[in-house]
Amino acid sequence: MDWGALHTILGGVNKHSTSIGKIWLTVLFIFRIMILVVAAERVWGDEQDDFVCNTLQPGCKNVCYDHFFPISHIRLWALQLIFVSTPALLVAMHVAYRRHEKKRQFRKGDQKCKYKDIEEIRRQRFRIEGSLWWTYTSSIFFRLVFEAVFMYAFYFMYDGFRMPRLMKCNAWPCPNTVDCFVSRPTEKTVFTIFMIAVSSICILLNVAELCYLLTKFFLRKSKKAGNNKHHSNHENKEETKQNEMNELISDSCQNTVIGFTS
Amino acid sequence: MDWGTLQAVLGGVNKHSTSIGKIWLTVLFIFRIMILVVAAERVWGDEQQDFVCNTLQPGCRNVCYDHFFPISHIRLWALQLIFVSTPALLVAMHVAYTRHEKKRRFRNGEKIDIDELKNEKVHIRGPLWWTYTSSIFFRIVFEAVFMYVFYYMYDGYQMPRLVKCNAWPCPNTVDCFVSRPTEKTTFTIFMLAVSGICMMLNLAELCYLVIKICMKEPRKTT
């Protein structure tokens, strides 16, 4: 069970995502997971071996390393990527549950069921409507929360995103204050900033996807309300609706304007 | 035979599980096995290399390391994950046996569609219910036993920075320093938390199965 297996699991979710969701997944796998595995792990590979302190005192290096690096960047990124990928599984579980229900209906011979065979149910791509919309939107929300939490944890734990060359340590058993030198600080800073940048891009993609889903939701609602009042005063209503729809689209995503009162 | 093969084997069991069972399997693979392989093994990778003792006495470091870490956390987790995954194979074996019996009856001349037999979803009833419930019970027992073993062996779940060692051949008492204690404590607590979540999922599944059978019984009697 490694990143490849996660790729296989999430690949299945890809079918039911929006276009922005598919872009997000690609960015996640290529610019984050692949960079982590192919490059970042080598950079941090010798982090403790080449963490050198100016002392002969045994144990001082261990203690200073532990003091300045409570959790290594690599592990934090691995945890971040796992937590950020997992909400997509909620969507996968929801889709699997819907498929299971439709198969059950099909087997019972329900006349409402329009499928010719079980293979068609398996291949069907569900639209993001109804309860699936809520599951999908909550998964994006959780992704955003996890990304933000991890970025803050990085900032808090390491006092910013820069890796210093030198650290002064006076934890026991180090005698007085000891200079300790970090291995490859510039390369680590470069990769940290790169991962933060890609993380931000992913956050922006998620926010865009959330706005897109909310806009789609309100448009659909307005269409339904419009269809209900189709028979009365057609022209005036059309104009008012168009104005209101334009308002909805131009408003921010946090607006919850509902209903068309005349 | 590695974690990937275990995943392939248990993936087959997934078909015959309840929804809670499927969630449990997902949590097991993503939050336990994957974290173990991708993160925890690196953290513990240099545990003996960077276990440093304040002495020049040869052999002292080896003896102290062995004294304080009889079985490494990583190995205990690997054993725990294998033991906890294995009861699900009882269910797979039972389902395979049931299918085998049906095929045998088909070959003896009874009218059963063989293709339908292969794709049929087996319902958790009768003797399969007992097998399934015992597998969940064993999972809970193994989880609890390993959690207790961890607690007993390491006096809690915190990894100390310093351990004082006076095993022979160390002269008097020697200070030994553990590598990456904070990171190890973080991962130990994380794995413990996920273990707790898995136990609760198993308990919920057990309650669900017991309630299901109790609700079926009154219907039969009325």
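Including glycine, each Cβ sits where the backbone N, Cα and C put it.
Automatic prediction, not curation, is the source of TrEMBL annotations.
Listed features, source TrEMBL:
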- B:23-40: transmembrane segment (TRANSMEM)
- B:42-75: domain 'Connexin N-terminal' (DOMAIN)
- B:77-97: transmembrane segment (TRANSMEM)
- B:128-154: transmembrane segment (TRANSMEM)
- B:142-209: domain 'Connexin cysteine-rich' (DOMAIN)
- B:187-211: transmembrane segment (TRANSMEM)
Range from B:23-40, B:77-97, B:187-211 with the greatest count of C-beta pairs under 8 A to the transmembrane segment (B:128-154): B:77-97
Beyond the flanks of the transmembrane segment (B:77-97) by 6 or more, those residues with Cβ under 8 Å of it: 6, 9-10, 12-13, 16-17, 25, 28, 32-33, 36, 40, 122, 127-128, 131-132, 134-136, 138-139, 142-143, 146, 191, 195, 198
Secondary structure composition of the domain 'Connexin N-terminal' (B:42-75) [DSSP: H/G/I, E/B, coil]: 14 helix, 2 strand, 18 coil
Helix, strand and coil residues within the domain 'Connexin cysteine-rich' (B:142-209) as assigned by DSSP: 41 helix, 8 strand, 19 coil
